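As recorded in Swiss-Prot:
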type	residues	note
ACT_SITE	Asp52	active site, nucleophile
BINDING	Tyr111	substrate binding site
Amino acid sequence: MQRWKLTLEYDGRPFVGWQRQDNGPSVQQALEEAIYRFTQETVTVFCAGRTDAGVHALAMVASVDLAREATADKVQAALNFHLKPHPVAVLRVEPVAPDFHARFSCLGRAYLYRILNRRAPAALEAGRVWHVQGGLDAEAMHEAAQRLVGQHDFSSFRASLCQAKSPVKTLSDLSVARVGEEVRIVARARSFLHHQVRNMVGTLKLVGEGRWTADDVSRALAARNRSAAGPTAPAAGLYFTEAWY
């Protein structure tokens, strides 16, 4: 039995999220079915971050145990073949120690949020960005974002159905920068609450529009109440970009 570390890229649009659910196709289901077609083994694949419906991944890390003997190149080629036509690609396959676990061994995770900030709609990037027509002040957003960096009670930025035992998280980085017509937000932490990144982005958008100040963000954080913060940004602009071990 060999444990494998898989690095995946996927378009989240056709999926109900990473995790298997009864209401539609999931990334986990697509991957486990591809593995079955390759090995005839029924397995459970674990991932570093269980993304929601419509959320994408540039480098999601997963782990799985396979009894079939094969090289890393063979596993990668077979899974990419059997994953068709799903928009999922296996970028890398590596053999790892039996105690490696994509979720529980993970020391940190990073997300990217993309806002297309222009008047014209998104023709090529529809479903992959949040289209915001009105001008956004990325520098003001970045300044306000620093109020959220560090260890805090993020109750104001967690989903109502969040199952985390504690709302306290340590945000190691939250940066905002304009790149051409895009405003890009990068968030890094050991772990995140459900919807935390999207709720922070929705709040920072209010700052970018000039409707909120950095002090308003601090007050929202201190309130420890979801209704005190901004709206939840759409799933379309969110990407899981990195997991480190």
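Every residue, even glycine, has its Cβ placed from backbone N, Cα and C.
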One finds that other Cβ atoms within 10 Å of the Cβ of Tyr111 (substrate binding site) number exactly 25
In the three-state DSSP scheme, the residue listed as 'active site, nucleophile' belongs to strand
Within the same chain, the residues at least 6 apart in sequence whose Cβ is under 8 angstroms from that of the residue listed as 'active site, nucleophile' are Gly12, Gly17, His195, Ala235
